[in-house]
Structure formats: structure tokens, C-alpha cells
Amino acid sequence: MSRRRHSDESDEKLTIYTTLVGLLNARNYNFGGEFVEAMIRQLKECLKVNMYNEAEYLVRFLSDLVNCHVIAAPSMVAMFENFVSVTQEEDIPQYLDCLWAQIQKLKKDRWQERHILRPYLAFDSILCEALQHNLPPFTPPPHTEESVYPMPRVIFRMFDYTDDPEVCVCWGGTECAMGGCKAVLVKMQYHLSQNGYQCDSQQ
């Protein structure tokens, strides 16, 4: 799939594609390995040319491949650790406080959420027998003078935070969705729709 195709897909389709990859990997281990390596190459290219929306989608795709028994979980965690290490640089605003609150909420709920379709659960007996792959080594590209980073997004608020009892207020009056997955999915779908209409209007 091309980078453009990745960036235009919704989360519902993402889980369908990852389930398909999981079933193919269960039948053909070599295919799964080649697919994972191709995804990592594409992720590196996206970050190299500052295509961060596409890179975000690819990371979510790789993460769901763990659920489909294509990628080994420790391998995915190692990649996340490489991403997190960037935040240890000095003079980085502590936006992570809000994300940490969401993670703590998920932990309290035993990592259960009911807002993402999971078609792979219907094939669990097949997928659990599949061999898993380790991600190849991955390091985010270093900063250069040509690096162009995405501007901060305007937060989409359809409702006031007081409308949801699972929302708390974090530092600086920022809304922290304690039921974070639902809020994140709504925002992602909104941005995908907005970008889709923008592309259509330019064609």
C-alpha cells in the first residue's frame, strides 16, 4: 500500500488489513517477514521526508500486527522505547503528562476498551498458531536543518469536558480524556475526514 493510501484509511479498515496480514502470515511466514521489513522501510522513509501523519498510521498498523500475532510484543515495545528516548532531550514540554494519565486509566480498566473493531478475534485459533516476527533495528532519524515538523493541531472539541464524567483537567487547564481511546479515535477520524475533503477540493 502506498503512503497516500495509508494516510487516508480509517481505523476500522486498519484492523481489517492487519487481520488479513495475520492470516497470510499464518500461512506463509516468509511473506510476513517481508511485509514487516517493507513497513519498516516505509516508516523510515516517511520520517526522513517529514511525513509524520503517514508515519503515525504506520506505527499504529505495526502495533495492531502484534494483536494479530505477526510481530512479537517485546520487539514492538523496543521500538516504542526508541521513540520515547527522544523525549529525554532537554527543553521538551511535558505534554506527556496528559498521555500518562490516559495510560493509567487504561491500566485501571485492565487494558480493556470497546471502541476499536477487532476482526482478528474471530480468527484467534488460527493466528495464535502463527510464528511471529521481530522488528529490525529502528532508530528515528536525527534532526537536520531541512527537518520540517508538523504544527500543533487545533484540538477538536465537540463537547465541553464537563459533559463526560471520565474526563479530568490536567496541567494548564488542559483536558485529559481519562477514557482516552475514545477521544483519540474521534479526533483521528475527524482529522482524516478533514484531510480527505481538503484533498478532494484540490483535485
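Cβ coordinates come from backbone N, Cα and C, glycine included.
Please treat TrEMBL annotations as automatic predictions, because they have not gone through curation.
TrEMBL has this to say about the protein:
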type	residues	note
DOMAIN	12-97	domain 'MIF4G'
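Per-residue pLDDT, averaged over the domain 'MIF4G' (12-97), rounds to 89.
Counting residues of the domain 'MIF4G' (12-97) by DSSP class, helix then strand then coil, yields 70 helix, 1 strand, 15 coil.
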